[in-house]
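J.: Structure incoming, see below.
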Amino acid sequence: MACRSSSYAPNRLLSGKSISLISLLHGPALWLLLPLLALAVLSLLTPTRNRARLTACVAAVLLAMIFWLSGYTAQQLALQGSPLARTSWSSGCALMAALSGLIAADAMTRITPSHLWRILGNALVMLPAALLLFTHQLDQLSLMKEYHNRQEVFDAALLQHLTILLATLVPALLIGVPLGVLCFRSTRWQGPIFSTLNIIQTVPSIALFGLLIAPLAGLAAALPWLANLGISGIGMAPAIVALVLYALLPLVRSVVAGLQSVPASVIESASGMGMTRGQIFFGVQLPLALPLFLTGVRILAVQTVGMAVVAALIGAGGFGAIVFQGLLSSALDLVLLGVIPVIAMAGDRRFAV
């Protein structure tokens, strides 16, 4: 409550004037105190499932009121200032929104053990805030102004980022799964394969992007049909090659760990039933190894989403282009416009499956 809630600046490049959260607590904004007091009381009571449900509801109300208060403040300031003025979130609103989300997530773990129901519950908590967004109540916030000014760029960046992700996952799976099976069945190959993948993993991403520029440019010059496919020294091609190389180590390790986790007694029982080696692998080992394998795929997806931001330095596009444009122009809200979708994509893949 003591932190500043918003920042108001004449334009996006100048430092903003701080607005404290306490100074906004007048008129309709006083209702913000009600969910805060309710959460304070609930924190003192013995946890039960019904109280956890009530806590999640109160946290959802608090989150929605924080969004409403920030949008309402931005609208009031927009009536007094110029169209170039910017009203952005500060630490007060950001911390309170983050804590509301954490309180709701903690309450969901007490309500149900089901992973799917937790995801649905957290989505319902975000629903009131999402309704404020889609009803244009937050349009005067600086972040939303940046989005509306660059909506086409944002949509193109989203498509490019998803393209990089899918173009990395598919080759990585096609290469990594057979390598993992080979390492599991032949210990002779484990040392050389893991040593090579470990060395690749230690190379900085920017350095690897740079190392791939010359050979890919040479291939495109020597084989024009590769250039017609879009392969060159800069752009998505070196980014995808580098990301595939980075993806192999966690993927191969997850395949090996998953297959090694299958008890030997289960394999012996399947063999005793007359199952062939292929039937044992596809009917017994692979299904039992699937949970660890999917964990590796989730790690791979999160890693790729994050590293694709750096790939913008070699012209791969994606949200990294927006982030670096914001850094070069010292526009924090433009940086956030690129960072927030990346966090959302990484979080979506972290909690998927």
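Any Cβ shown, glycine's included, is placed from N, Cα and C.
From TrEMBL, for reference:
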TRANSMEM  20-45  transmembrane segment
TRANSMEM  52-69  transmembrane segment
TRANSMEM  89-107  transmembrane segment
TRANSMEM  119-138  transmembrane segment
TRANSMEM  158-184  transmembrane segment
DOMAIN    158-353  domain 'ABC transmembrane type-1'
TRANSMEM  205-227  transmembrane segment
TRANSMEM  239-259  transmembrane segment
TRANSMEM  280-299  transmembrane segment
TRANSMEM  331-347  transmembrane segment
J.: Mind checking which residues reach the transmembrane segment (239-259)? Cβ under 8 Å, same chain, six or more beyond either end.
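T.: Same-chain contacts beyond the ends: 164, 167-169, 171-173, 175-177, 179-181, 183-184, 190, 193-194, 197-198, 200-201, 205, 208-209, 212, 216, 285, 288-293, 295-297, 299-300, 303-304, 307-308, 311, 314, 316.
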J.: State the residues, same chain only, that lie 6 or more residues beyond the ends of the transmembrane segment (205-227) and have a CB under 8 A from a CB inside it; answer 'none' if no residue qualifies.
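T.: For the transmembrane segment (205-227), the far contacts come to 233-234, 237-239, 241-242, 245-246, 307, 310-311, 313-314.
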J.: Is the transmembrane segment (52-69) packed against any residues at least 6 beyond its ends, judged by a Cβ distance under 8 Å, and which are they?
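T.: Long-range Cβ neighbours of the transmembrane segment (52-69): 5, 24, 29, 31-32, 35-36, 38-39, 42, 93, 96-97, 100-101, 103-104, 107-108, 110-111, 121, 124-129, 131-133, 137-138.
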J.: May I ask which of the stretches 89-107, 158-184, 331-347 has the most CB pairs under 8 A with the transmembrane segment (119-138)?
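T.: It is 89-107, which has the most Cβ pairs under 8 Å.
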